Amino acid sequence: MPIITDVYAREVLDSRGNPTVEVEVLTESGAFGRALVPSGASTGEHEAVELRDGDKSRYLGKGVTKAVENVNEMIAPEIVEGEFSVLDQVSIDKMMIQLDGTHNKGKLGANAILGVSIAVARAAADLLGQPLYKYLGGFNGKQLPVPMMNIVNGGSHSDAPIAFQEFMILPVGAESFKESLRWGAEIFHNLKSILSERGLETAVGDEGGFAPRFEGTEDAVETIIKAIEKAGYKPGEDVFLGFDCASSEFYENGVYDYTKFEGEHGAKRSAAEQVDYLEELIGKYPIITIEDGMDENDWEGWKQLTDRIGDKVQLVGDDLFVTNTEILSKGIEQGIGNSILIKVNQIGTLTETFDAIEMAQKAGYTAVVSHRSGETEDTTIADIAVATNAGQIKTGSLSRTDRIAKYNQLLRIEDELYETAKFEGIKSFYNLDK
């Protein structure tokens, strides 16, 4: 039977050694689902609230016992006593949103609500004897995503003196996900050898990318291009580049202040100058995607950027849209960006996550399913990417098990789909004039 009989949460650790929420759901027939909730370092101010204890005597204030208690003492009784079916995802998500009663899930915590939401879906898939991607996407979920591999970390994700947070490679010329993953791994290892030859650090950041002390953005880009070529691939044909600028991290009082991360050598740019700079970079290098090129509240700057280069480059809104349909609809109406980053914990339920993906795709925007910098062994986002035919996934570099777990899950899914599996490569960027 599909009736949920038990919902239980506990405090566990994420990839940074910080507490996070794990939730387990059990049905009367024995179907079981478990979910672990991720956490971000650079967060948009409009994201749903991640509830932390604030008790400095435990985990430096980052404990999540309040969120755990909210699951065990508030959400669980509502679900169990309400005799909810594990198959009724939308009703359960709606009930939790109403139980919270705030616009940003600040009462119960998005980390509490999301843990339950995903665990319910996993238990439902278990009940039906289906893999999660098939339960979520039906027979139509069959497109494997192009991986955005973050092989150099900067900004808030490392101690490297570079303002941009992520430098990514996208193996769009591969014929399968399996091949794209191999290309990425080969480039990653070639990059490591190049860094070693230069006497640069090969320690990795939060998302598994290297965090060396490059001389600046262009030094990082040119070194990555050398690694692509050394691995035997053609930049701008086989493999493209991408940035996550995370501009909100260095934007203040109308100025994009690169000195925050780059010191005295960093520039200070107005919105117009920031647009000019990004346009200059895409003219010089094979860049296909730029995330958060402007501050989340600089909508005028975003409009300038979109009008200027939105037909040539994917412009992804992360802090801008925060997986929120209300904000995304305004962006679509005003012609802001052409893509949305999808982070399940930015909004807090699977139902709202799928609503955001559907809205984006109907408007001709792409949807990039994404991890967070604080991750776990949970692989749900891999299944979401395939279930929704998102076509793109951003889940870190080619190191750290918390990142590799998602790639390995996608390999399993591709094998299971066999001849029905699709990998669209460059066609996944349907928002661009190619």
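Just so you know, glycine gets a Cβ as well, placed from its N, Cα and C.
So that you can see what the record holds, here are the features copied from Swiss-Prot:
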BINDING   Gln165, Lys343, Arg372, Ser373, Lys394  (2R)-2-phosphoglycerate binding site
ACT_SITE  Glu207  active site, proton donor
BINDING   Asp244, Glu291, Asp318  Mg(2+) binding site
ACT_SITE  Lys343  active site, proton acceptor
Same-chain residues at least 6 apart in sequence whose Cβ lies under 8 Å from Lys343 ((2R)-2-phosphoglycerate binding site):
Pro38, Gly40, Asp318, Val322, Thr323, Ser370, His371, Arg372
Mg(2+) site, defined by Asp244, Glu291, Asp318: further same-chain residues with Cβ within 8 Å of the Cβ centre:
Gln165, Glu166, Phe243, Cys245, Ala246, Ile290, Asp292, Val316, Asp319, Leu341, Lys394
Tell me, if you would, which residue among Arg372, Lys394 (binding-site residues) has the fewest other CB atoms within 10 Å in the structure shown?
Arg372
Just to verify a number: CA distance, Lys394 ((2R)-2-phosphoglycerate binding site) to the residue listed as 'active site, proton donor', in angstrom, no decimals.
10
How many whole Å apart are the CA atoms of Asp244 (Mg(2+) binding site) and Gln165 ((2R)-2-phosphoglycerate binding site)?
6
If you count other Cβ atoms within 10 Å of each one's Cβ, which of the recorded positions Glu207, Glu291 has the most?
Glu207
Per-residue Cβ crowding (10 Å cut-off), top of binding-site residues Gln165, Ser373:
Gln165
Quick one: Cα separation, Glu207 (active site, proton donor) versus Ser373 ((2R)-2-phosphoglycerate binding site), in Å?
6
C-alpha spacing of Glu291 (Mg(2+) binding site) relative to Ser373 ((2R)-2-phosphoglycerate binding site), in angstrom:
15
Longest CA-CA distance among Gln165, Lys343, Arg372, Ser373, Lys394, per record bound to (2R)-2-phosphoglycerate, angstrom:
17
Rounded to the nearest Å - Cα separation of Gln165 ((2R)-2-phosphoglycerate binding site) and Glu291 (Mg(2+) binding site):
10
